[in-house]
Every structure is written in C-alpha cells, then in structure tokens.
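Take a look at the structure set out below.
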Amino acid sequence: MARAAVLPPSRLSPTLPLLPLLLLLLQETGAQDVRVRVLPEVRGRLGGTVELPCHLLPPTTERVSQVTWQRLDGTVVAAFHPSFGVDFPNSQFSKDRLSFVRARPETNADLRDATLAFRGLRVEDEGNYTCEFATFPNGTRRGVTWLRVIAQPENHAEAQEVTIGPQSVAVARCVSTGGRPPARITWISSLGGEAKDTQEPGIQAGTVTIISRYSLVPVGRADGVKVTCRVEHESFEEPILLPVTLSVRYPPEVSISGYDDNWYLGRSEAILTCDVRSNPEPTDYDWSTTSGVFPASAVAQGSQLLVHSVDRMVNTTFICTATNAVGTGRAEQVILVRESPSTAGAGATGGIIGGIIAAIIATAVAGTGILICRQQRKEQRLQAADEEEELEGPPSYKPPTPKAKLEEPEMPSQLFTLGASEHSPVKTPYFDAGVSCADQEMPRYHELPTLEERSGPLLLGATGLGPSLLVPPGPNVVEGVSLSLEDEEEDDEEEDFLDKINPIYDALSYPSPSDSYQSKDFFVSRAMYV
C-alpha cells in the first residue's frame, strides 16, 4: 500500500514546478505599476508653514493598510491607520505642529494622499523624510523628499567715518543678519578698495550673520563718493542693492577766486573769495599778506576779502588760511595794481557779445534761406504738376472754324500783266464747305516754279478756235513775279511757324493764292503766245 501510494518520478508533470515562479513574476509585474510620487526637495521658511506632498499612484483596487512618515534615522514622525486614525509618536513632532492634510481621525477611509503639513517650522526640522505606503497585496511603497529650512536675512549698510591717512582702513560696512543659508555680499565701487567678510551666529538658532567691511586708503577725493553693497540670497527674487556715501575727514583744501587781472587805481568794491573744500567744514578763516602789512582799504569778512578802494597798498600778495577739526589749509593770490583799466577785458567782452550777435544773425539768415529754398521747391513742384496736366489734356490752341476762315477778307490774287493797265487773276482761292478737312488731300509742301518759269511766256487765255498766243514778258510782269515769290516765302514761313505751334493747324490750312494756278485745270493755246 505504501509503495503504491508513492508515484514514480517519471509520472510528475514537468510544468508543475514552474507555476509558482510564474505567479510570483506576475505579482511583481503588477506591483511595479504602483508608485509613490513625492517632490525631491521642498523649501520652507523658518517659522512658517510648509507641506510635504505624497501621493500613491495610480488609483487601483489595492487597499492601503497604513501610511507613515519617518526621518532618515528611522524616527517615526507621523502615522495613519484606517482603523486607529492618526498618530504622532515623537514629542518633537507633536500634533500641534504636524498634521495630515487629507486624513481625518474619525474616518476609516482609504488614504492615498498622505501630504504632511509642518507649522512653526524650526531649523531642526530640516532633513530627509520618507513617505511609506503599506498596501495589500503588493506590499510597501515609499518615496523620499528633502525638507530645507531657509531664513531670509535682514540687511543694512553704513559708512565708517575715517580720517585721511596712509594706511588702509574700513570706510564702509554691510551686514546681513539671520540668514540661512548665509548671504553673499559683494561691493560695487570705482575706488578700487577691497572687502573682507566675517561670519557669526544669528539671533535664531541655525542662522548666520555676515559682516562685510570695505577698506581703502582714505584720501580727500574719496569723501562723498558712493559705493554699493550687493546682497544675494536664495530667498530674494533679485539681489538687494544698498548705496553708501563715504565720509573721509581731511583738512581744508583752499583756493582764492575773484581776481580778474584788472585791478587798477581807484577801482571800488573789489572782492576776493576763499574757496574751501574740507570735511568737516572750516571753523575759521584768516586773511593776511606776505609783506605783513594789511591794506587799510581791505576788510576781511569771513571767507571774503572786500577792498573798498584799490590803492598802491593793495599791490601785494594776499593769503587765506582756513582751519577745521582735522587741520589747516592756505592759498595765496598775487594782486597787480594797474595805473588805468585794462582794455583787454572789455575787448574780450565785446568780442563775446559780437560773436553772440553774429551767431544770431547767421542763424536768422540760414533760417531765411531754408524757408526760401523750401518755397521755391514748392512752387517748382506746383508748376511741374500744372505742366503735366496741360500735356495730358487737349491742346489749348483752337484753330478757326472753316466758316470763320471763309468770312475773313479775301486775299488779293496774283495778278499778271496783260497790258499797260489791264490785270487778270490767274486763280482764285477755292474751298468746298461740304468736304471735311480730313477728306481733302492738301499737300503740306508745295514745289514752287523757278524764276525762269515765272518769267517765261504767260498764258493769257485758252480757246478752241485758234492757236495759242505767246506774249513776251514786260517789266511789269517780272516785277509782279518777284513780288509773288516774296509773298510765297512769307506764307511758307508762316505755315512752318504754325506747324510748330500746333500740328493740328496743318490739317485746316488752305492753299495760298500764289500757287492756286498749279491745281486748276486750264491751258492756253500756243496761238495765244505773243
């Protein structure tokens, strides 16, 4: 019986040992789809409130059995159980300061949003926190986030009053108090000094105070110069700039003004001024001369010396001495008294006035020229526009109508001499009013007969009864022909002139009487020639 109960190894199915392994792989594959989403870093201000987000993704049918928050060293900060609610086991992280944003102690609902809120953030709250979900049946899923506690510093800058000297000393100080992390301080200056920073604990635990001192060799020219303290911190959207005006104490630097090299005998109310630059301000002014003799007409009035009347005693060297808390400074001014006023100054003044007047006149002339040029250009543009309109439109010249032409007084015909007192016209002007000018074939140019042809035998008449008669030309005939040639030349010149004025006139021109005989059909028999 026992032997029959034991199956031989050869009858075992080869796939049975692989089934547990396959189920385990499928379970792990499904579990890998579930993850915890947290932020890698969260910053919170000291004394403020901050939230640490933590979410279980994606939404599944898995049941969350517990959620816990713990530090990197394993200290449990907060816990939530669907049945037992919220728990804060560490006294440092009490329920007065910590809370779950979505969870409620009275609810046993499934919790997939485990966001934890801190109130009254402390420096010791900074560190790594692990959000852990215990799920069934996939097990535990976790995410780690780093909480950083920062403190915004308070900043101010001030000048350090120093006295002029050969050694480098601190002339300005910039302080950034209570920063976490420490602030970074730099200086912006054109004086070429150097900065030195020191660090000390802040008022609150975990904060730092930075003190930066700007140093240089104090000189008089550094007094009143502005330098800038630049403070950078990650809690600032942009750096903070703090300007500082340096204060360097130095003795008076003195100069004298008011002498114009035109002090002459009899000049009244001449003034010398003692100009002083110092820190602090001078407390005393003293006027004297190098000769030790002070002119009776000169009166010292603080920083000014008033000379009521210039005399030969004023021809000396005046000294102004100024004193302040640091030291004393002095300056000298040589006075040269002239016998009479100098004209150099007047000439210079006149030159200046003349130059100003000349500049005004030149400006006025230039402005006038510009206005004239603009007006001329404007007129030229208007004239060009008018000419363009005239060219585009019909011609302005209108020739006389044929009717008006016919009504003009008839020109005398060319006469030819037949005898001593008889004259007969060869041809009269002809115009057909029924035919338009465009239909008539009018030659523009006419070939005139030569002088020999004009002076040859003349045609006196035509008859079919006998031969033509030849008549030798007499003196009157030759004279008439020459007059006819002159008239024809004048007519040709007039036609050319009219053609140049308006080409349309040529279409309405009429043949002149002098060449009318060329187009008329008649003949004279040879028997008529004399």
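A Cβ is built for glycine as well, from the same backbone N, Cα and C atoms used for every other residue.
Features as listed in Swiss-Prot:
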| type | residues | note |
| --- | --- | --- |
| DISULFID | C54-C131 | disulfide bond |
| DISULFID | C174-C229 | disulfide bond |
| DISULFID | C274-C320 | disulfide bond |
| DOMAIN | 32-147 | domain 'Ig-like V-type' |
| DOMAIN | 153-247 | domain 'Ig-like C2-type 1' |
| MOD_RES | T401 | phosphothreonine |
| TOPO_DOM | 32-351 | topological domain 'Extracellular' |
| TOPO_DOM | 373-530 | topological domain 'Cytoplasmic' |
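Annotated features, which come from Swiss-Prot, shown on the structure.
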{"residue": "C54", "record": "disulfide bond", "contacts (Cβ under 8 Å, 6+ apart)": "V36, R37, V38, W69, D113, A114, T115, L116, C131, G143, T145"}
{"residue": "C174", "record": "disulfide bond", "contacts (Cβ under 8 Å, 6+ apart)": "N155, H156, A157, I185, W187, I211, S212, Y214, C229, V231, L242, V244"}
{"residue": "C274", "record": "disulfide bond", "contacts (Cβ under 8 Å, 6+ apart)": "V254, S255, I256, Y285, W287, S303, Q304, L305, C320, A322, A331"}
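On the 0 to 100 pLDDT scale, the topological domain 'Extracellular' (32-351) averages 91 in this prediction. For the domain 'Ig-like V-type' (32-147), DSSP puts the residue distribution at 7 helix, 60 strand, 49 coil. Within 10 Å of the C-beta of C229 (disulfide bond) we count 26 further C-beta atoms, all protein chains included. Residue counts for the domain 'Ig-like C2-type 1' (153-247) under DSSP (helix as H, G, I; strand as E, B; rest coil) come to 3 helix, 55 strand, 37 coil.
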